[in-house]
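K.L.:
Could you have a look at this structure, given as structure tokens, before my questions?
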Amino acid sequence: MFWRIKTIHFIGIGGTGMSGIAEVLHNLKFNVQGSDLNKSIYTERLENLGIKVFYGHNPHNLDGADLVVISTAIKGDNIEVIEAKKRGIPIIRRGEMLAELMRMKYGIAISGTHGKTTTTAMAASVFNEAGLDPTVIIGGIFQKLNSNAKLGNSRFLIAEADESDKSHLNLSPVFVVITNIDLDHLDFYKDLDDIKETFKAFANKVPFFGSIILNADDKNCLDIIPGLNKRVVTYGFSEKADYSISDLEKGRGYYSFKVKEFGKSIGEFKIKVPGVFNVQNATAVIALAKELRISSKKIKAGLEAYTGTKRRCEVVGERGKLKVITDYAHHPVEIKSTINALSDFYKTDKILVVFQPHRYTRTKALFDDFIECFPEKLNLILLPIYPAGEKPIKGVSSELLCKKISKKEVNCSFVEDKEALLNVLDKDKDKYDLIVFLGAGYIDNYAREFGRTINE
């Protein structure tokens, strides 16, 4: 290689976004290494690829590093960040590194408050089926790849664009998909108007020959259209959408639906994952693929080949009628949609939900929405809030949230730790068809551990 930067050190290499970028850089023949506090499926995969992972942060981990990459979760008082500054090693954020990778390709950025990961993975499946072999960076494990990243040989890079810290503004994509816009990440945004303005600025970064693909069923997406100055293509159930969904049918283990492209039918499509929202996500991919002249036949094959993404309605345990499911849903809108989707997909209301709130700031900002997002008569267990590096906020707790939720005819209880949770689940598991673990924290580990006991 001709470049001087050879060894790249990732602080927090086990993060979903960080690990994917690390893998792509490794495949580009950079010497990649990194540190993280805990072993995970992401760090194990990187180690299996030959990437050195240090567990725990230590100044000596930086020996030989030419560049340091950090995520938003890594603060300025991290000892490796302090050491990098002391040694004069350049430090860039994850979003900046993703932007550098996208500069080498025709970038396709999948954005939105909800549905980014699934939509990105669906797009990758369609592009692969079309023989386009894209580079892919996803915020979750794509089942078909068993990875959250792939270095392709084509000119296309499909990436999940993270709006949580405004790092998506670093990207310069040719195509932008916005699945929806919702109130979230109020540690970085002032209010919903601020979020909409940021998405507008992001979308307008596409070049004159690119496209902005928006959800016509989402009011906030529609609100930003007057401020967009590039080609806009819409999709959704709305009859006014450029790619309009109709004739939705729910079969056993699949959804089928028809799509009109600017008023003309382009056929029937099928997906094998739960949720009407995933029909919308699939139609976003249809619109994207059609912008690139991919045939309906290839699109259909790619969508049907999509088998899901880890932590997105993923079944991790099964015995008889009981299924144990883990999902990343941690925002009230996602929680409500996921519970409804699973109930509809599996045709049951015998559901136990285990939820771990994510971040004190989010729990405080959306407290009333969390109270309302769980349906009446639901059996619900709350775990302590996963802080994600935040300090506790007085008066914000899962215990208080549980008390408020219980007042609206939800059978809600609070458990303090994993041992207590697993005892309750083992005792009550025969009452349910679905035990669903929701949250963006370590609750996924609990789901998999319980799932293994069910599978035995």
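Every residue gets a Cβ built from N, Cα and C, even glycine.
Predicted, not measured: the structure shown is a model, and the values here were computed from it.
Dumping what TrEMBL says about this protein:
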- 7-106: domain 'Mur ligase N-terminal catalytic' (DOMAIN)
- 110-289: domain 'Mur ligase central' (DOMAIN)
- Gly112, Thr113, His114, Gly115, Lys116, Thr117, Thr118: ATP binding site (BINDING)
- 311-441: domain 'Mur ligase C-terminal' (DOMAIN)
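Help me understand the surroundings of these features in the structure.
P.N.:
Of all Cβ atoms in the shown protein chains, 22 besides its own fall within 10 Å of the Cβ of Thr113 (ATP binding site).
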K.L.:
Excluding Gly112, Thr113, His114, Gly115, Lys116, Thr117, Thr118, please set out which residues of the same chain place their CB within 8 Å of the center of the CB atoms of the ATP site, keeping sequence order.
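P.N.:
After dropping the recorded site residues, what remains is Ile110, Thr119, Thr179, Asn180, Asn281.
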K.L.:
Tally of helix, strand and coil residues over the domain 'Mur ligase N-terminal catalytic' (7-106) according to DSSP?
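P.N.:
Result for the domain 'Mur ligase N-terminal catalytic' (7-106), in helix, strand, coil order: 43 helix, 23 strand, 34 coil.
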K.L.:
Which one of these binding-site residues has the most other Cβ atoms within 10 Å of its own Cβ: His114, Lys116?
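P.N.:
Selected residue: Lys116.
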K.L.:
So if I draw a 10 Å sphere around the Cβ of Thr118 (ATP binding site), how many other Cβ atoms end up inside it?
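P.N.:
A count of 31.
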K.L.:
Please report the three-state DSSP label of Thr113 (ATP binding site).
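P.N.:
Thr113 (ATP binding site) sits in coil per DSSP, no helix or strand.
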K.L.:
If I restrict to non-local contacts, at least six residues apart, and a C-beta distance under 8 angstroms, what lies near Gly112 (ATP binding site) in its own chain?
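P.N.:
Listed in sequence order: Thr119, Glu163, Val177, Ile178, Thr179, Asn180, Ile181, Asn215.
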K.L.:
If you draw a 10 Å sphere on the Cβ of Gly115 (ATP binding site), how many other Cβ atoms land inside?
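P.N.:
The answer is 24 other Cβ atoms.
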